[in-house]
Each structure stands twice: as structure tokens, then as C-alpha cells.
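Record features (TrEMBL):
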TRANSMEM  12-30  transmembrane segment
TRANSMEM  42-59  transmembrane segment
TRANSMEM  88-110  transmembrane segment
TRANSMEM  130-152  transmembrane segment
TRANSMEM  199-224  transmembrane segment
TRANSMEM  244-269  transmembrane segment
TRANSMEM  281-302  transmembrane segment
Amino acid sequence: MLLDFQQAYAHVTFGLSIFMNCLLLSLLLFRSDRNLGSYKYLMFAFSILGLCFSIVDFLNKPMVHIYGGAYLVFSLNSLGLPHFLANWFNALNCSCYGMTISLLAVHFIYRYLAVCRPNQMNWFMWPHTIVWFLFIMEISFEWWITAVLYAGETPVIDELVRETMKTNYNLTKGEFIYAASLYYRKNEKGEKTISWPDVLFALNVVKLISICMSIVLFCGISTFRKLRTLRHTSKRTTNLQQQLFKALVTQTIIPVLTMFFPAAVMMVSPVFELTLGSYEGLIMTVITTYPCVDPMVVIFFVKDYRHAIKQTLKCRRCLYSREPYSVRATAVSFVTEAT
């Protein structure tokens, strides 16, 4: 039942993510003005990555199993790929996670510079944007290559999870592929010892998450403080500040709950040899929800986007109309007007 639920949920999140990200892309294309500046391309990148993440996740349909000091990110290889390619593709799912959190960090850096250091916004103009591209690619590639090289299938893990995978998911060896870390192994004397290669791999993943999380927290808190101390000259600017503040709070809380916290549970539980039972199915379920929730946040908090959708639903204006439409709820326009 757990396996069937996760497979069905993957279809739901895939369809919702495709719809919401395409809707946001349409709004960016047809309902944006020049005030967005380079922020428009950053939101474009978010939506495109959300689509890619959803497609990879839908094709791979990863699941998590935690048992005996090990965690597995496994897949049924629904594409029928050769074994080594299936493992590479499974690692690509992990890489998309890394790409998402690194792009989220870049998003917060943009917000921080736009509000706190507007004189340094040239870092988001060509050719300086190459820095952010390399940052995202480095984290994504490092995550993928380490997953391929150090989290691959081994006979020890095969034997460890053989019975539990049969009991919990009715799967036998050959019916699934996986990437895994086993924190404790037995030596020749049968004594349990720490598996340092697996621990170092886990620490590397924690390092990547910590870097992005630290950026999000620092930039988020700094931006909050700056927004609250700015003096406004009009009611319109005050409303704009409130929109930005609410959006930034939400865009901080959502990834913490849907990405950082589930990943932490997955990686910390095996350290204490905890078994989560059916609750382990919630880990990937929550993580794969993020690509379809993030565009909802943008659409909900940008007032003009909400208005455009309402007008379209009431058949008063076509969503794809190229008539001028002002988008004011951005960090760039806020700083421009406030100064």
C-alpha cells in the first residue's frame, strides 16, 4: 500500500508542478514589465528547474528506506535502463535536489543585495552571473558524482536490506536499484565498526546543505531587518514592503519544512539505527512537493499576478495578452521606489 501510494502521489505532484510552473512562466512572459530586471531571469530559472526536477522525479519515482544503520534512496527503474545507467539516473535525482537548494540560496543572495546592498546588484548582470551558474553546477555535480562513486550498491547492503525490502515493499534484488549509505559495518571479528567512507559521504552532503542553508538564513534575516527599518514615503511603498516581507518569510519556511528537515531525518535516523516504518514514505513525499509549491508562493504574494489570474478566470482579459501590465512586488522595484 505504501508503494502504491507513493507511486500515485508522484503522478499528482508531477501534474501539479507542470501546471503551476508553466502558469508562472506564462505570467513572467506576458505579465511582466522592465522593473523586474534580472530578477525575471532568476524566477525563470526557478520555474525551469522546477519542471526538470518534476520530470526527473516522475521518471525515477525515488523512495526512501531506513534500516539497520543504513538509508536507501531506491527506485523501481520504470524506464528499464541498464543497471549502471539506472543508478546514474537515480543519482541525478539527488543532484536535482542539490541544484534546487543551491538556486534557492542564489535567490536569497539576490534579495539580500537588492534590499541591503543595491549598489552591488551588478553581480547579477552579465558576465558576473557566471559566478552563480558555476556555484549551482559545482554543488549539483559534486552531489551527483559522490552519489555515483560512494553511495552505490554493495553486497553488504544487499544482504542487509534483502528481508526488510521484501517485508515492507514486496521487492526482491533485481526489482529495484538504489543509492545508500551504511554507517556501521562488521569487521572480520564480527564487531560493529563505523564505516568512515559512508560517514564522510554523509558529511559531504551535510556540508553542501549547510552552505546553502547558512546563505538562506543569513540573507533572509538580514533582509528582514533591513525591510523593517526602511522609511516609506507612500502607502503604495508600504503595501509593497508588506508583500515582500510575507513572500520572503514564506519562501524561507517552505524549503526548510519540505527539503531541509526531511533530508535531515533521512540522514540522522540511521546514525541511531532508528526504523521509521511507514513514516519513511513521507520523506520523499514531502521533498517532491516543493517544486509545485514554490511557484504557488510567487503567484500568491505578487498582487498583480493574482489579479491577472482573476481577470482571466472572469474572462475579462486573456492571460497571454501582451497589453502592458505592471508588476511591482519585487525587490528591485521596491528598492528603486524607496530610494
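Don't overthink the numbers, they just go from 1 along the chain as shown.
A Cβ is built for glycine as well, from the same backbone N, Cα and C atoms used for every other residue.
Not measured: the values here are computed from a predicted model.
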* Taking contact to mean three or more C-beta pairs under 8 angstroms, with sequence separation of 6 or more, is the transmembrane segment (199-224) in contact with the transmembrane segment (281-302)? -> no
* **For the transmembrane segment (281-302): best-contacting stretch of 42-59, 88-110, 130-152, by Cβ pairs under 8 Å** => 42-59
* **Among the ranges 12-30, 42-59, 88-110, 130-152, the one whose Cβ pairs under 8 Å to the transmembrane segment (244-269) are most numerous** => 88-110
* Asked: What else in the chain is close to the transmembrane segment (88-110), if you only count residues 6 or more beyond its ends and a Cβ gap under 8 Å?
  -> 38-39, 42, 45-46, 49-50, 52-53, 56-57, 59-60, 62, 73-75, 79, 81, 124, 132, 135-136, 139-144, 147-148, 151, 177-179, 208-209, 211-213, 215-216, 219-220, 223, 251-252, 255, 259-260, 263, 287, 290-291, 331
* Outside the transmembrane segment (42-59), six or more residues from its ends: residues with CB under 8 Å to it -> 10-11, 13-14, 17-18, 20-22, 24-25, 28, 36, 78-79, 89, 92-93, 96-97, 99-100, 103, 106-107, 110, 124, 288, 291-292, 294-295, 298
